[in-house]
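Participant: Starting off with a structure, shown below.
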Amino acid sequence: MEPLFRLEGVVVAEADGRRRIDGLSATIESGERLAVLGPSGAGKSTLLFLLNRLLDPTAGSIFFRGRPLQAYDPRELRRSVVLVPQRATAVSGTVADNVCLGRRIHRLPCPREAVAEMLAAFGLDTGLIDRDARALSGGELARVALARAVLLAPEVLLLDEATASLDPPSAEGVLRALFAGLSARGEGERTVVWVTHDWALARRLASRMWWLERGRLSRPPEGADEAGAEGETRGTAAGEGGARR
Amino acid sequence: MPEWKEALSVPAFGLGFMLLVGAIAYGLRLDLTREIAVGTIRTFLQLMAAGAVLSWLFRARSPAWLLLPLGAMLGVAAWTAWKKAGRRPGAFFRIALALTLAEAVAMGLFFGLRIVPARPETIVPMSGMIVGNAMIVAGLFYDRLLAGRREREEVLILWLSLGADRRQAYREIAQEAVRATMLPSLDTLKTVGIVQLPGMMTGMIVAGASPLLAIGYQILIMYAIAGGAAVTAATLYVLSVPLVFTSAHQLRR
């Protein structure tokens, strides 16, 4: 069966010739929770930008459900493949406006009850709903960003260190809420590609792990993970009754 | 021509002011001698040349000749604003188009409504004011737009990452850029006559026109300048989406 994403010799080169992604060939299956790890500057964020076409490769091809990424209207593609960027940010307006942003863009209804439910699910006080979003703290904004993405019920969620501003126990709770929220909304399998620095968390929650270094998939160096995982590693455990459903 | 004598002697006395500027710069060791010399000489030569061209133009009665100074005016203004816009590829023709449109709308109103007689004596100086101000507006618009592109990159990516049309993301920075271009002319409209008397009016009064008539034209010109600024900014607002975003709704690097 055709994988969800297929990358073939993907290269992203800067104007000066430096390669942020250097000949990456790989597949991502539907329903995976793929954790992407690696040193800073390894190309992890770039990889996510490629998957919902905020960036086009300099060379190589990316296929989504067997069709080249360019064959999709980028706006429709990003409706199903949603990216939560690294630094959570807000548009002007209330918390509700911000949580509903994705749905409003696609002219979908966004009832207050759904917003309140999302805030609660991500550990936010529902009293914040009418507060000015730009008054929120970084951690609160990160939760709003995730609520915003989940409410769109995307097929694929791309998380760029979306929980980096939270302490590890909160991060785990938020991610579990996220996986639960995704499964509860919409039909079919939900896929998450998730850039993180937290090995332990990745081991607990991911169904598969990638180690990205200098724009390529490779083996993690000794000591990067106590267990000395391989370049492409099956997650040993899975929370919530098995990540691979 | 005795007119020429006066045209040369008046600024010659004005050199006294520039000597004052030079003396101050020298006294304070500002290292501006070259700048002052070049500025003084260029002002003199450029305006004299413009005066000579205008004198000749006002006597040559074929309106086709008017296209020459208007074209030069628009070209130089577009070039200057384009440099201010960081010589961004594709911006030049957009600026040229916006300035031309502002000029066309202003002249269309002036002459279409018969507010002023359509003569070289009115067309050229009024165009100069409209286009000169539109040039500043165009430079300011791109300056603010590109600053918004840098400073608000995260918000732009947020819109795009959720599947927004590039125009929705664009509005986030472009509205602010248009606003910034309008504020200076609005501020001028609020303080004119109290803080300063505008140059055109001062010139007319000094040259012997009645203050009331001078003021009437000044008000007209100031409204027209604000209108020209708005047309310029609106044109650039509509045309500049592709300078910030690709057709695939991506942020241009």
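First residue shown is number 1, and so on along the chain.
In case you wondered, yes, glycine gets a Cβ from its N, Cα and C as well.
Feature table excerpt (TrEMBL):
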type     : residues  : note
TRANSMEM : B:12-28   : transmembrane segment
TRANSMEM : B:40-58   : transmembrane segment
TRANSMEM : B:64-82   : transmembrane segment
TRANSMEM : B:91-111  : transmembrane segment
TRANSMEM : B:123-142 : transmembrane segment
TRANSMEM : B:192-214 : transmembrane segment
TRANSMEM : B:220-245 : transmembrane segment
Participant: Most CB pairs under 8 Å with the transmembrane segment (B:123-142): which of B:12-28, B:40-58, B:91-111, B:192-214, B:220-245?
Facilitator: B:220-245
Participant: Short question: which residues 6 or more past the ends of the transmembrane segment (B:12-28) have a Cβ under 8 Å from it?
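Facilitator: Sequence-remote neighbours of the transmembrane segment (B:12-28) are 36-37, 40.
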Participant: Of the stretches B:40-58, B:192-214, B:220-245, which racks up the most C-beta pairs under 8 Å with the transmembrane segment (B:91-111)?
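Facilitator: Top-ranked stretch among B:40-58, B:192-214, B:220-245: B:220-245.
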